[in-house]
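Worksheet: one structure, shown below.
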Amino acid sequence: MARSKSSNNWLQEHVNDQYVHMAQKDGYRARAAYKLLEINDKDKLIRPGTVLADLGSTPGSWSQVAARIVGEKGKVFALDILDMDPVPGVDFIQGDFREEAVLREFEQLLDGRALDLVISDMAPNMSGMSAIDQARSFLLCELALEFARDHLKPGGHFLVKVFQGSDFQPYLKAMRELFDEVVTRKPKASRDRSSEIYLLGKGRR
């Protein structure tokens, strides 16, 4: 079956993408690793000893980045409804973190600690209908914010991918109510044509 023009364009862009080549060379599972690396270079969210949760972690490139930085004294917990191949130094839980059994398993692993950081690069399966996709995207963002509210220590940080649209301002307002400072980040590895940006909440109240 012949590929569509948009499919061919995506394939050509993928083949020519410097971040795809860098990911292959550096051993990362996806180009998204460089988004987190760039943000972390600027904001120093992940350090040796950091305890964090990676929501929507599959295929695992953000968990790879985090595990390499936190070292033996830190801890990375990864959660996703999809399976993920093991990442050294990462505790992975497969399941929906809204479900009681999944949360219970996570909290047992957490063992009474509070998180320094929650990161979320979650995105829904896109339907191609922008209104539906935006609603699904912000539902994931809201769930991630609730998770951060419940598990971050005072002073902890939250990094989340959002897509700009009608729900953006209310979501930004909700983040500002929970954090001392909220800033936007658009890393170079984020494609120019994408409406995605990252919101970073610093200093959980």
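Including glycine, each Cβ sits where the backbone N, Cα and C put it.
What Swiss-Prot records for the S-adenosyl-L-methionine site is Gly60, Trp62, Asp80, Asp121, and among Asp43, Asp96, Asp133 the residue it adds there is Asp96. Around Asp121 (S-adenosyl-L-methionine binding site), the C-beta neighbours below 8 angstroms that are at least 6 residues distant in the chain are Ala32, Lys35, Leu36, Asp54, Gly56, Trp62, Lys161. The C-beta environment of Asp96 (S-adenosyl-L-methionine binding site), restricted to residues of the same chain at least 6 apart in sequence and closer than 8 Å, consists of Ile81, Val102. Cβ neighbour count for Asp80 (S-adenosyl-L-methionine binding site) (all protein chains, 10 Å cutoff from its Cβ): 21. Counted over all residue pairs in Gly60, Trp62, Asp80, Asp96, Asp121, the record's binders of S-adenosyl-L-methionine, the longest Cα to Cα distance measures 18 angstrom. All protein chains considered, the CB of Trp62 (S-adenosyl-L-methionine binding site) has 30 other CB atoms within 10 Å.
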